[in-house]
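**Student:** There's a structure below that I have some questions on.
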Amino acid sequence: MENPRPQPPAPTPPMAPLPVPVHPPIAPIPVPPPRAPIPAAASVTSTSASAAGGGSGDEVEYEVSDDHRAARERHERAVQELLQRRRAYAMAVPTNDSAVRARLRRLGEPITLFGEREMERRDRLRALMVRLEADGQVDRLLRAQEDDQAARAGEEEEEEEQIQYPFFTEGTQDLLNARVDIAQYSLPRAKARIERAKRRHEDPDEDPEAEADLVVKQAGEFVLECSEIGDDRPLTGCSFSRDASLLATSSWSGLIKVWSMPQITKVATLKGHTERATDVAFSPADDCLATASADKTAKLWKPDGSLLVSFDGHLDRLARLAFHPSGKYLGTTSFDKTWRLWDINTGKELLLQEGHSRSVYGVSFHPDGSLVASCGLDAYARVWDLRSGRLFFTLRGHVKPVLGVSFSPNGYLVATGSEDNFCRIWDLRKREMLYSIPAHKSLISHVKFEPQEGYYLATSSYDTKAALWSARDYKPIKSLVGHESKVTSLDISGDGQQIVTVAHDRTIKIWSCRSSTQDNAMELD
């Protein structure tokens, strides 16, 4: 049996060729535009580090432009100025202007320049010292400092040798007697006032709050009762007599007129001032009245027009005046920057008080007679102790001249009115401002507390109005509208039931609430 022959392997079919991927053509690389030619001064060149060295030892040298060089110089100057300024502020420079002048004189510099102020002079000395130190002239600077120290040591030795005395102006024997009399008058009144306040506070039958509410309510019922033309020229001042039976007014014509109340019938005309009259006030002890004028004098009159005393001594025109509660003394203010105290009986000047830097305008006495307040165009009011002559308190707060000041009957509140349109209330116990009232749209010409208990406050203003304010919360009570021009002054009767105002419209206006008083007489009692 034959073996079968092996079969040849089946042929493998050929594989299909792999597809060759077709890549899209690559976009050509963009060629940058040709650069602008670089200036030779600012070009950057590459050179070899040395002629013999090859390849890797190359360095790049930069040529600095003029702008960059100028900027670098400005920066260096600014740094130098900053360092000099720091050195200047670290340098000890005298603060006293006289010492600054002395140092400048020792350095051979002018002690002052035209229009130069103290701080500018000190800055000039500081800059000079820094410049001397920078220039290497330290010896000159040290020599000037040594001279200053030697001069200062000599002055200290002289001061030690001199006996230090307190500054005061020696008064006359009349002033001493007046101070003793004022102390003897004021102390019993102060004691009685404090005892009365304690009794009213401790007595369960007393109700000060209800009484104050009643008085404030009545004050809200003030109405215009009478109006009268007072003079041919604007009126400047007004004052009730102690029982409100007489009224006196002053005017630019220099005439003082006395009127009977309540009909406002002219009783007398006082002639004697040669310039315009600025104020008038009745004495609290009798029916005599005092007047102030721009002729630099004050005069004391009887109501019938006879002249009693003329007070001469002020160097400039007078503004306001006021009587001491005892009726023995008169206070006057003037544009000569002083206020003065006069003896009514002798006509002598007892006290010439300085202290204000500008004209003194208003004056008011404490109800006890121990203190007096003055106000002026320096925007300050000052409270003085008449018994010792010391300044008790300076009322700082107004930003414009203070034209009116008034003490409250309670003894510790003071009201001031100013050209800044504000009325400010001050507490003498705390020696600080208690309240500030934006009272009017124009300057406040006069201010006064109700004279019995001080339950309300009256202000007059150049906005043609007078206003009443509660002394408890200082809210407005009533606006007295009727004048056609600037209201220059006001006064309140002793019982607090009548108010008089005078103005540049030449009219006298009487405001009253007597009808409501009669209705509530039993309640008030």
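Cβ coordinates are placed from backbone N, Cα and C, and glycine is handled just like the others.
When I checked TrEMBL for this same protein, it listed these features:
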| type | residues | note |
| --- | --- | --- |
| COMPBIAS | 1-37 | compositional bias 'Pro residues' |
| COMPBIAS | 38-51 | compositional bias 'Low complexity' |
| REGION | 1-71 | region 'Disordered' |
| REPEAT | 228-269 | repeat 'WD' |
| REPEAT | 270-302 | repeat 'WD' |
| REPEAT | 311-352 | repeat 'WD' |
| REPEAT | 353-394 | repeat 'WD' |
| REPEAT | 395-436 | repeat 'WD' |
| REPEAT | 437-479 | repeat 'WD' |
| REPEAT | 480-521 | repeat 'WD' |
**Student:** Below 8 angstroms Cβ to Cβ, which residues of this chain, lying six or more residues outside the repeat 'WD' (353-394), approach it?
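**Tutor:** Same-chain contacts beyond the flanks: 171, 179, 182-183, 185-187, 189-190, 193, 316, 319-326, 331-341, 400-407, 409, 411, 414, 416, 418, 426, 428, 431.
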**Student:** Taking a Cβ cut-off under 8 Å, which residues six or more beyond the ends of the repeat 'WD' (395-436) line up next to it in the same chain?
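**Tutor:** 190, 193, 197, 358, 361-368, 371, 373-383, 442-454, 457, 459, 461, 469, 471, 474.
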**Student:** Which residues of the chain, 6 or more past the ends of the repeat 'WD' (437-479), have a CB below 8 A from one of its CBs?
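**Tutor:** Same-chain residues near the repeat 'WD' (437-479) but 6 or more away: 211-212, 215-216, 219-222, 400, 403-410, 413, 415-425, 485-496, 499, 501, 503, 511.
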**Student:** Where DSSP helix means H, G or I and strand means E or B, what are the helix, strand and coil counts for the repeat 'WD' (395-436)?
**Tutor:** 0 helix, 25 strand, 17 coil
**Student:** Per DSSP, what is the residue tally for the repeat 'WD' (353-394) in helix, strand and coil?
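**Tutor:** Here the numbers are 0 helix, 23 strand, 19 coil.
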**Student:** For the repeat 'WD' (228-269), what is the mean per-residue pLDDT, to the nearest integer?
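**Tutor:** The answer is 93, the mean pLDDT of the model over that range.
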**Student:** For the repeat 'WD' (228-269), what are the same-chain contacts with Cβ under 8 Å, counting residues 6+ beyond its ends?
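**Tutor:** Answer is 275-287, 289, 291-293, 295, 301, 303-305, 320, 485-486, 488-495, 498, 500-508, 510, 512.
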**Student:** From the DSSP assignment alone, can you count helix, strand and coil residues within the repeat 'WD' (311-352)?
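**Tutor:** The breakdown for the repeat 'WD' (311-352) reads 0 helix, 23 strand, 19 coil.
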